[in-house]
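Taken from Swiss-Prot, the feature compositional bias 'Low complexity' covers 161-176, 390-402. Feature annotation from Swiss-Prot assigns domain 'RRM 1' to 2-75; the stated evidence is sequence analysis. Annotation comment: Swiss-Prot describes 81-156 as domain 'RRM 2', evidence class sequence analysis. Summarising the annotation, Swiss-Prot assigns domain 'KH 1' to 204-269. Under the heading domain 'KH 2', Swiss-Prot lists 285-352, citing sequence analysis as support. Residues annotated as domain 'KH 3' in Swiss-Prot: 417-482. The annotation domain 'KH 4' is assigned in Swiss-Prot to 499-565 on the grounds of sequence analysis. According to Swiss-Prot, the region 'Disordered' annotation covers 159-208, 390-412, 571-593.
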Amino acid sequence: MNKLYIGNLSENVSPPDLESLFKESKIPFTGQFLVKSGYAFVDCPDETWAMKAIDTLSGKVELHGKVIEVEHSVPKRQRSRKLQIRNIPPHLQWEVLDSLLAQYGTVENCEQVNTDSETAVVNVTYANKEHARQGLEKLNGYQLENYSLKVTYIPDEMATPQSPSQQLQQPQQQHPQGRRGFGQRGPARQGSPGAAARPKPQSEVPLRMLVPTQFVGAIIGKEGATIRNITKQTQSKIDIHRKENAGAAEKPITIHSTPEGCSAACKIIMEIMQKEAQDTKFTEEIPLKILAHNNFVGRLIGKEGRNLKKIEQDTDTKITISPLQDLTLYNPERTITVKGSIETCAKAEEEVMKKIRESYENDIAAMNLQAHLIPGLNLNALGLFPPSSSGMPPPSAGVSSPTTSASYPPFGQQPESETVHLFIPALAVGAIIGKQGQHIKQLSRFAGASIKIAPAEGPDAKLRMVIITGPPEAQFKAQGRIYGKLKEENFFGPKEEVKLEAHIKVPSYAAGRVIGKGGKTVNELQNLTSAEVVVPRDQTPDENDQVVVKITGHFYASQLAQRKIQEILAQVRRQQQQQQKTAQSGQPQPRRK
């Protein structure tokens, strides 16, 4: 996304005019300006500079009497599901933006882009081309808290080329402000980004590094020359987040490439930092710092630290990991610090990232398998998988994620609270609670649920009961994190599925509805969800006239079974209310068949 389209140009504009404009604005460019009638194209060194050009020039600079517009250049066949929305009010709540985007279709992914501007920028992926077209049409120029939104297409590498007949059938768009529409720029010329691009493999996990701020200039080089050379040498895309955490001693770098490309770029960056340190007489050690989502760190460390110790021994390095207490809901990454020579650190990076990629692929495989079973829940928003803001590819890259506006309850309605008893290995209680209760408190805040661990039933009890109280989405978040934590901390083997038993209480009069005639309903539940569902016979109802339903299975199976049982209970309650109303009105009740 480093290629720019410059529109609304006067007929008199020449390449030297545009070169002068970019130089005055201190925006580097590569190659020549390709000027057409009323518009032009140019390449920037990287995506960061392209965004800088858009923020600095678009709608703000006049050239030969016309205010120019600058945006990402998108080949026609890649104008599909992906949009970039700029000029978003800086303090806007995510829920407000999500609900606005959902008005025009199903949103599969929404990620914030780091820019120099005060306003926010997001990249949005809709479920299909028509939803994206509606979003572009309705949101471009939309007034939100006195800010006018600016919406453009960005390349969708997963888009399938249209047949000539489809292209003829599709009407060309007219931009609301009257300039050349997106459908009127003609075909992408040779060399357009993505002209021969293939979809990225889903398993591509970027490498995230932290580097001392004083070395960022050396890594970029004069007018971006050094970073440009690194990207060419290693066939990678490198984002240096210079504006993140203003004044911080370290800045994050995200490297997108194959595992080999990421490792090669990492090694070159370490060499540049070492040379710059020598030139500036910087005497402190410069360790390699890798950022990794907390979801993967437990598996990287391994039981009793075995995995990490092996990497240290094999690579002759010293590796430490930042404490859990440093995590927040907004920063779910931990810092893996590797000390050693450049050669040994490079080897350690390969081994660390290999483990992280394996963990990521296992999680995505589980999500691919079961995501379609739970409609109406926003899987991307639940935090069970790494958010794309931390540099991880969003799960929606390979999943038809059921993210819809149904993820939010109707305005004015509060979803009913539920209580679930989840049974975990007794040995895992310490991991769930965390040091001084930090983990369970953070989990409770994250999920929006009450989470308590019941006392052990006896000194030899192998299981402990976790009592989770909250609405459906809070249950999903809390239980999902508990399943994930047990896997991370190796309470289950690397190829073993985490299966837990959950108990939910139902009114005794509704137990028959859960079982169904001759066990039909409970059998259908088991076939649909892959969970084992048991309503023990001859139970004595408790003081609240409730009996227990036992559900055993992996996370998604258990969740689907819980939701289906809650649907049955809601149906029973509605029928009861209807019967009460009918009885009060004195009308005869219809007989149940």
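Keep in mind that glycine also has a Cβ here, set from the backbone N, Cα and C atoms.
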Contact call for the domain 'KH 1' (204-269) and the domain 'KH 3' (417-482): at least 3 Cβ pairs under 8 Å, seq gap 6+: no
For the domain 'KH 3' (417-482), the number of residues DSSP places in helix, strand and coil: 32 helix, 20 strand, 14 coil
Residues of the domain 'KH 1' (204-269) by DSSP state, where helix covers H, G and I: 32 helix, 17 strand, 17 coil
Secondary structure tally of the domain 'RRM 1' (2-75) (DSSP, helix then strand then coil): 21 helix, 23 strand, 30 coil
Secondary structure tally of the domain 'KH 2' (285-352) (DSSP, helix then strand then coil): 35 helix, 17 strand, 16 coil
